[in-house]
Amino acid sequence: MQRAHTFGRARCQTFNRRIGTDPTLDPTFSDVLAQICPQGGNGNALANLDSSTADDFDNNYYTNLQNNRGLLQTDQSLFSTTNASIVAIVNRFAGSQRDFFDAFVQSMINMGNISPLTGSNGEIRTNCRRIN
């Protein structure tokens, strides 16, 4: 659900390998991130997923991707890919907040319609990153 990355934060440890090394990361933005997450610093420090409008639900996340300012590599890869249809979606959402909002609403409806596994067929994880 990458569209939800329009707001929120990520720990330095999830992206600090990109700072100063990733050619898909805007150099000026990389310098800003280096201030937040200095080498050998606190890996738990936080940076905004959307550096331009961190606390607003809007389409600036996609504009950031166009400007090589996607915080997470998985996010930036949406625009840095050679897949023209994915790049077209990023461009469409960057250019139209209404299109982004409409698609987000539909995604939330689709997620709400997912039937989770229950009973012995499913699992409630104590740590979402690890199988119990």
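Glycine too: its Cβ is placed from the backbone N, Cα and C atoms.
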- Going by TrEMBL, Asp50, Thr53, Asp58 bind Ca(2+); tell me which of Thr6, Thr118, Thr126 is listed for that site too. Thr6
- Based on what TrEMBL records, which one of Cys37, Cys128 is disulphide-bonded to Cys12? Cys37
- Determine the mean pLDDT over the domain 'Plant heme peroxidase family profile' (1-132), rounding to the nearest whole number. 90
- Cβ-based neighbourhood (8 Å from the centroid) of the Ca(2+) site, residues Thr6, Asp50, Thr53, Asp58 excluded: Phe7, Ser52, Ala54, Asp56, Phe57, Asn59, Asn60, Tyr61
- Here the binding-site residues are His5, Thr6, Asp50, Thr53, Asp58, and the Cα closest to that of Cys37 (disulfide bond) is found at Asp50
